Amino acid sequence: MAAAIPFSVSLSLSSDSQPSKRLPVSLTSSNLQLPFLSPHKSLHFSSRSRVSSKCSSPSPPPPPPPPPPPPPPSSTTTITTTTTTSTETSSASTTYSYLEDSYKTGRFLSNEEIEKLNALQDFRYYQQLETGSMCVRLMRLEEMDITVKLLAESFVESMVLPIGYVSLLRYLVKQYLVERRAAMPHAVTLIGFYKAKQEMDTGEEMEDLEELAGTVEVCFDKRGANTSPPTPTSPKNAPYICNMAVKGSLRRRGIGWNLLKASEELISQMGSMQDVYLHCRMIDSAPFNMYTKAGYNIVKTDSLWVLLMLQRRKHLMCKKLAVLKNPSELDIPGSDTKLSSQLDMLKS
């Protein structure tokens, strides 16, 4: 731009017939602008610039040579092995695709684990009670929050803690359930739904909407065992039942009994060992009576030293499951009186 200004001034002086009149005006800095250049000169300058830029640009590099073709397979055995591996991978992914999203663990599973997870997904336990009906199945991911609420309220009640601790326990219980969910199919959390019966004005019976009534956790083997089990410790390779809780407003209806029976039936279906273990606090007389009536015996009891750690003394109880074709036939609903009478009939 600085080189174009003197050239414009000299051109104006040479083309003017009266240089004495044009000289003061052409030397003014405000009039030395780009529009005063002649169209021919501007065109010549632009074309020269284009030529210079075209000449100075480097030539494009030659295209790279094409990659060499892949080598042919060395032998027929290699082709057969690759086909077999891809077939097994496709079969495993197809089996895993049958699982619902709420039951997927988010980690790699073997074919055996996928089959067990399919069995857990299809597990259902139905029982008709005197006041309604009950269904027990595997907890889904979207049902974790209501299960956490039930467990937190149950723990606050059993430990005689202020109600303000419910929020803290909800956080801790949810972290625990997330970790236990990753252990599937070696450990599962079952939930039970209850439907109450109501009589209409016409005398017909109708059922209300189902509500969460209880929950229980089942461990099948060593891989599903808890890393910090309570004392007295049970064998890690044996099935273990724990964390059973029943909604306060639905107690005395056989909910806890059917949660226990559903756990035993699931253990039998999964092909685990027949010796099942559970813990019961010494102060919990009602659960202890239920476990005793169900066939559990005391194996070991906590010593007095656990009191120094501000813990309750517990019984470790065990039961050897019978091999039954249809375990649901021995499920006993109803009140405690009916439960005791039917158990006496089974023992006689």
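Placed from the backbone N, Cα and C atoms, the Cβ positions cover glycine too.
No curator has checked TrEMBL annotations; they are predicted automatically.
Ranges compared are 1-24, 121-144, 241-264, 313-336, and TrEMBL records region 'Disordered' for 1-24. The average pLDDT computed over the domain 'N-acetyltransferase' (134-314) stands at 92.
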